[in-house]
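Only one structure is covered here, and it is reproduced in the block below.
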């Protein structure tokens with residue numbers, strides 16, 4: 001069956017062997033093992049003017065050879081090569097004489113096929129690391145002996161296959177292998193993402209020097225392609241577009257306006273009650289200036305009281321469903337997103353009804369982007385990507401509409417930076433094109449809702465590990481079984497750096513009793529947050545180092561924050577009951593307004609890709625003896641720098657953003673009633689996602 005799948009996919013894509021034409025002559029095939037970054041590989045290859053096509057991992061070798069592909073790239077994936085459900089592939093892909101680059105899981109597959117072994121190590125690597133490379137290897141030609149790369153894996157190569165040599169290392173972990181004579185190369189890291197500083201050079205070396213690609217493939221005018229697709233799909237029907245006022249939905253609407261007659265486009269802005277301060281008014285004004293008439297609907301009440309249908313339980317595989325709690329009583333991030341997505345569609349249907357439009361003659365248009373679909377594991381984007389979180393515009397109901405062919409997503413193959421370029425080409429004003437993204441569910445996913453603390457049986461042991469890490473210079477003098485675990489998970493270089501940091505600074509690190517969404521090893525994680533506090537002024541470079549190190553040692557931690565103010569003496573072990581109520585939302589709305597106002601006035605808004613401001617149910621600085629209840633909440637500032645929103649880094653104060661700008665935000669937010677402490681998110685993506693939910 002796998003052979004049939006691979007064959008039919010290739011034939012349907014337009015390769016015609018009967019008349020002797022090889023549609024993919026000189027192109028590269030990307031075999032998709034279910035990576036979160038599969039589409040980024042595709043984009044990076046095309047940026048280098050080489051045609052690329054994505055096909056299932058099980059595509060047979062003979063089909064690749066017959067179609068004339070010049071080289072093969074195998075993506076990463078969430079599986080283990082030894083897992084019973086590991087995806088099937090044709091091992092002959094390595095022996096048909098085509099150059100192969102195996103990335104992450106792809107490297108482990110290659111090593112296993114040729115007799116090497118792969119093991120799950122005690123160390124996870126999720127984040128940015130320095131690796132040593134052999135720059136005499138063709139893949140790494142022109143690079144330094146040490147390179148900064150993104151690693152995200154738990155399995156590691158143990159025994160290297162015969163005929164292969166190690167060409168890159170991350171401490172004692174194999175980060176690259178090569179068999180130069182067979183033109184087979186493996187990278188445990190991700191050269192396709194921006195966090196790998198010279199990733200583009202590595203891909204260029206593979207495509208041009210190793211595979212001999214010619215670089216004649218230039219991207220066609222995608223604007224015309226989008227317009228052609230819209231006209232073809234819609235015909236004389238009408239299109240309802242739900243406008244948030246963000247870049248994506250605005251560019252989508254501008255494209256629809258360009259492709260269709262004005263009376264065919266119905267632009268609706270739904271105020272869901274989770275907008276930023278004065279957001280709806282400014283959206284309406286900005287779009288009117290573009291000549292787009294917008295119908296604004298205040299639907300806050302419908303959203304607060306919205307429900308959806310859910311499976312009886314995660315384990316229940318039957319079609320039985322249950323009705324969810326109302327949104328204002330829901331704490332689960334997944335359920336919140338599903339309710340919001342479904343309520344959006346219900347209101348859209350009501351609008352269609354009020355306007356006496358026939359539902360079968362109306363399409364729903366969305367500004368959905370490629371990363372949204374990849375993170376939701378939608379089949380449109382990737383056959384196998386592991387679910388990280390449901391995007392509000394990719395719920396079950398919307399998937400059903402998509403199956404019926406009633407959803408138009410002209411930007412589904414675009415990444416955020418490409419949408420901005422397209423927006424400029426369409427003549428949209430710069431302030432609209434360059435504004436920070438704001439998620440469709442709005443502030444609803446920036447409130448960490450909780451009724452009780454998140455404390456599992458691993459809480460005390462993880463706290464003990466964090467204590468050892470934060471006081472490493474003293475801990476090494478007192479032997480402890482957990483100290484050996486810390487040492488086993490770190491390189492000598494890491495340990496030296498830890499010694500240096502903890503000798504100079506008085507730090508304490510501990511778990512916070514909440515959980516947030518992250519992405520670790522191409523899989524979704526829903527894990528603890530680690531808080532760090534200190535009596536010293538923050539040394540941001542050291543804090544960023546700790547934020548990279550801690551999730552590697554503690555796989556149940558996917559986020560690390562610095563807590564402003566005096567050292568936290570008694571970390572909270574309970575939470576302030578928090579739901580999406582009007583009071584909670586107005587607190588967050590004000591905090592978000594203050595932080596973004598200061599960022600805008602500083603002139604640094606353009607240097608930061610996005611800055612979610614998050615409200616958490618944490619009340620610090622209470623005397624446990626007085627048994628004071630938890631009634632305040634704390635705010636997190638999450639700066640994020642990225643080119644594609646698939647990976648990214650926090651802005652380091654004193655580097656990408658002035659320290660005084662951050663401190664001004666802290667001062668102003670602290671004035672808001674009911675705020676306990678302010679925290680700064682130090683986490684890269686991975687292991688933490690851009691948003692906390």
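The backbone N, Cα and C atoms fix where each Cβ goes, glycine too.
Marked as N-acetylalanine by Swiss-Prot: 2.
As annotated by Swiss-Prot, phosphoserine applies to 8 (among others).
Residues or ranges marked as N6-acetyllysine in Swiss-Prot (evidence: a large-scale study or a structure entry): 9.
Residues or ranges marked as domain 'Glutamine amidotransferase type-1' in Swiss-Prot: 27-216. Averaged over the domain 'Glutamine amidotransferase type-1' (27-216), the predicted model has a pLDDT of 91.
Counting every protein chain shown, 27 other Cβ atoms lie within 10 Å of the Cβ of residue 104 (active site, for GATase activity). Summarising the annotation, Swiss-Prot assigns active site, for GATase activity to 104 (among others) and lists experimental evidence as the type of evidence.
Cβ neighbour count for residue 190 (active site, for GATase activity) (all protein chains, 10 Å cutoff from its Cβ): 28. Annotated active site, for GATase activity per Swiss-Prot: 190 (among others), in sequence order.
Among the features that Swiss-Prot reports, active site, for GATase activity is placed at 192 (among others). There are 30 other Cβ atoms within 10 Å of the Cβ belonging to residue 192 (active site, for GATase activity).
Annotation comment: Swiss-Prot describes 217-435 as domain 'GMPS ATP-PPase', evidence class sequence analysis.
Residues within less than 8 Å, Cβ to Cβ, of residue 246 (ATP binding site) and separated from it by at least 6 positions along the same chain comprise 367, 435, 437, 438. Marked as ATP binding site by Swiss-Prot on the basis of sequence analysis: 244, 245, 246, 247, 248, 249, 250.
Taking the Cβ of residue 318 (phosphothreonine) as reference, residues of its chain lying under 8 Å away and at least six apart in sequence are, in sequence order, 312. Taken from Swiss-Prot, the feature phosphothreonine covers 318.
Among the features that Swiss-Prot reports, phosphoserine is placed at 332 (among others), with the record citing a large-scale study or a structure entry. If you draw a 10 Å sphere around the CB of residue 332 (phosphoserine), it holds 15 other CB atoms from the protein chains shown.
Look at Swiss-Prot and you will find 337, 522, 610, 685, 691 tagged as XMP binding site. Close to residue 685 (XMP binding site) in the fold, though at least 6 residues off in sequence, lie 519, 640, 642, 646, 647, 648, 649, each with a CB less than 8 Å from its CB.
Among the recorded positions 192, 250, 691, not one has its Cα within 10 Å of the Cα of residue 104 (active site, for GATase activity). The secondary structure of residue 332 (phosphoserine), as reduced to three states from DSSP, is coil rather than helix or strand. Counting other Cβ atoms within 10 Å of each Cβ, the binding-site residues 248, 691 show the lowest value at 691. A straight line from the CA of residue 332 (phosphoserine) to the CA of residue 249 (ATP binding site) spans 26 Å. For residue 245 (ATP binding site) paired with residue 337 (XMP binding site), the C-alpha to C-alpha distance reads 19 Å. For the ATP site, the Cβ centre of 244, 245, 246, 247, 248, 249, 250 serves as reference, and the other residues of the chain with Cβ at most 8 Å from it are 243, 251, 252, 367, 438.
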